[in-house]
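So that you can see what the record holds, here are the features copied from TrEMBL:
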REGION    1-359  region 'A'
DOMAIN    28-186  domain 'Histidine kinase/HSP90-like ATPase'
BINDING   Glu35, Asn39, Asp81, Met86, Asn94, 100-102, 126-131, Thr176, Arg359  ATP binding site
REGION    220-242  region 'Disordered'
REGION    565-644  region 'C'
Amino acid sequence: MEARKETYEFKTEVQQMLHLIINSLYSNRDIFLRELISNASDAIDKLRFKAQTDPELLGDDTEFNIEIITDPENRTIEIADNGIGMTRDEVMENIGTIAKSGTAAFLEALEQAQKQESLTPELIGQFGVGFYSAFIVAEKVTLITRAAGADKAVKWESAGDGAYTIEEAEKPSRGTRIILKLKAGEEGDKDYTQEWVIRNIVKQHSDFVSYPIRMEVEKDEPIPEAEQEKDQDGKPVGETTRKVSATDTLNSMKAIWMQSKNDVSEDEYKEFYKHLSHDWNDPLTHIHLKLEGITEYSALLYIPASAPFDLFFPERKHGIQLYCKRVFIMDDCKELVPEYLRFIKGVVDAPDLNLNVSREILQQDLLVRNIRKNLVKKVLDLLRGMSDEEYEKFYAEFGQVLKEGFHSDWENKDRLADLIQYKTTRSEDKFVRLKDYVARMKPGQEEIYYITGDNLSMLINSPHLEALKAKEYEVLLMTDPVDEWVVQSLTEYDGKTLKSAEKGDLRLDDAADDTKKEEYSGLFEFIRGQLEEKIKEVKPSSHLKDSVACLSGDAHDMSAYMEKLLKSSGGQVPQSKRVLELNTGHPVVGKINALFEKDKENPALKDYSHLLLDMAIISEGGKIDNPSKFNRLIGDLMSNMLSE
Ligand SMILES: Nc1ncnc2c1ncn2[C@@H]1O[C@H](COP(=O)(O)OP(=O)(O)OP(=O)(O)O)[C@@H](O)[C@H]1O
């Protein structure tokens with residue numbers, strides 16, 4: 001490694017981040033300490049995990065701790081740990097850049113919010129500012145770190161002004177020291193070099209960190225008898241105690257997940273969540289479980305109040321930490337909750353787990369599989385038991401993710417079905433759960449109707465729903481891409497079939513459909529011939545009441561929305577022809593039929609065939625092949641009508 005001091009520019013996203021932090025988090029300054037302590041605790045966790053397979057890494061430095069050292073004269077505060085440390089490359093990667101995908105888009109949104117003066121600490125806190133929060137209080141940050149197993153240390157330094165330096169350094173043992181040169185501060189600001197200030201912040205935000213957070217403090221010590229000054233009567237003169245310096249542990253290290261619910265306060269639950277999640281906001285709710293018996297475990301799980309910006313990025317971390325009898329085993333434990341519950345944060349402590357368990361065997365571990373099964377059930381029950389108000393909040397943030405469960409968790413399909421909700425044609429912008437839908441089905445209605453698409457107002461006005469609306473049958477309006485997968489696996493609820501309002505025959509009026517089919521068979525065959533490339537069938541519509549035409553598919557065909565989704569994701573979409581449905585109750589269809597019966601060669605019939613198809617495409621928000629021809633034909637028709 002080079003001994004030289006090198007200067008680097010921060011990546012743009014780091015500069016943006018620092019700018020946002022420094023300018024918007026001044027009134028939340030205290031949290032810098034929580035963030036740095038959390039990082040220190042994570043670094044020790046990582047080392048312990050690695051040491052399970054490589055015990056040499058620990059050497060004789062086996063007493064893990066986090067140290068806080070203040071220097072009021074020089075106005076510095078240092079947070080030091082004997083965790084995993086970082087190599088030079090790791091420092092460059094972790095501290096000079098923000099590696100999370102989606103960062104640029106998120107920061108852009110934050111900047112916009114700042115311009116509109118709507119940037120709240122909650123918004124930026126959602127991103128997890130972590131290490132960079134040091135710059136809220138510091139005018140200069142120095143990081144000296146030595147990776148476990150390495151013999152050289154690295155020093156990183158920055159004044160948060162766009163650049164940082166990096167050079168080789170001395171450090172006698174493994175771990176990381178972060179030294180903050182505090183800003184001058186304003187009148188009345190807290191002084192972070194004062195013992196009581198640090199004590200209070202640690203107590204409030206980091207009490208349950210599982211390693212001792214130590215600080216040199218001044219204590220009163222009784223002066224030994226022999227050293228005391230005494231008067232003639234043997235009574236002490238002056239002070240009987242003196243100030244001495246001693247190391248004190250500031251946190252209680254309570255593993256709150258192992259405690260009984262009654263012994264944990266609401267505030268403690270909230271603070272523990274913030275420590276775990278690096279989220280600044282309070283969680284929406286939590287669940288604290290203790291299961292005894294064959295599958296024994298304790299768990300403290302949280303549902304965040306808002307979705308993290310990277311919820312849909314595949315490489316994002318899961319939020320569950322695994323412990324065994326209070327000993328940290330691993331974080332990011334994907335095996336304990338399925339993908340569709342990836343928003344959950346928390347701790348699971350399984351006392352019977354093999355301490356040397358690796359990620360690879362975790363998946364097959366029967367105990368882990370049982371815990372997972374049980375946790376899923378508990379979480380879904382928690383969701384079901386939420387008040388309507390709380391559930392609305394949850395659903396707005398995580399409903400989309402929850403629905404992914406239909407695809408992957410066959411076993412809990414029924415539980416999930418009780419949790420999904422949709423706006424409907426009759427719900428006036430409110431969400432309706434399936435059980436409420438079923439409860440208010442009309443007499444004679446046997447199926448649950450739904451329609452999928454990306455636009456609520458277009459769906460609600462879709463011509464496909466006209467016949468259903470006339471019968472006052474409610475239709476679920478599904479606007480999430482994931483809903484296409486929901487309806488593929490959820491084919492039934494409470495004994496009622498889920499039926500697409502867009503595809504297949506609705507069979508609302510069977511007898512009438514059959515007589516119309518015969519009456520119009522000649523014309524429909526003619527139109528099919530004209531539109532052969534696009535249409536596989538022309539038939540009397542079971543969907544339409546007021547409109548003239550719409551497109552539909554057979555019950556097993558792909559929906560128009562699914563086709564659109566696949567196309568937009570670049571997938572290969574098999575060319576499927578649609579069915580053109582015509583409203584035989586509409587006068588225009590009757591008139592075209594009369595024209596056809598009179599003169600099958602009439603050239604207008606060809607134009608009308610194309611026009612009918614274009615009208616159907618437009619009504620579902622699609623693009624027609626030849627808009628200028630459509631324009632001309634409509635123009636001709638209008639002019640004929642106006643000249644009559
Ligand atoms: N004390 C430390 N010891 C070792 N590595 C550290 C330490 N502090 C930070 N790091 C490394 O720097 C990375 C970035 O830290 P930062 O606090 O910015 O984000 P994070 O902790 O990964 O995420 P977030 O705070 O958003 O949850 C960490 O992931 C870790 O790899």
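Glycine residues also receive a Cβ, built from the backbone N, Cα and C atoms like all the rest.
Because the structure is a prediction, the values reported are computed rather than measured.
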At a C-beta cut-off of under 8 Å, are there same-chain residues at least 6 beyond the region 'Disordered' (220-242) that contact it? List them, or none.
none
Looking only at the domain 'Histidine kinase/HSP90-like ATPase' (28-186), what is the mean pLDDT?
89
Secondary structure of Glu35 (ATP binding site) (DSSP, helix/strand/coil):
helix
So which one is it: of the binding-site residues Glu35, Asp81, which has the fewest other Cβ atoms within 10 Å?
Glu35
Any idea what DSSP makes of Gly130 (ATP binding site), helix, strand or coil?
helix
Using all protein chains shown, find which of the binding-site residues Asn94, Thr176 scores highest when you count other CB atoms within 10 A of its CB.
Thr176
I want to check the contact list for Gly130 (ATP binding site): same chain, sequence separation of six or more, C-beta distance under 8 angstroms. What comes out?
Glu35, Ser38, Asn39, His278
DSSP three-state assignment for Asn94 (ATP binding site):
helix
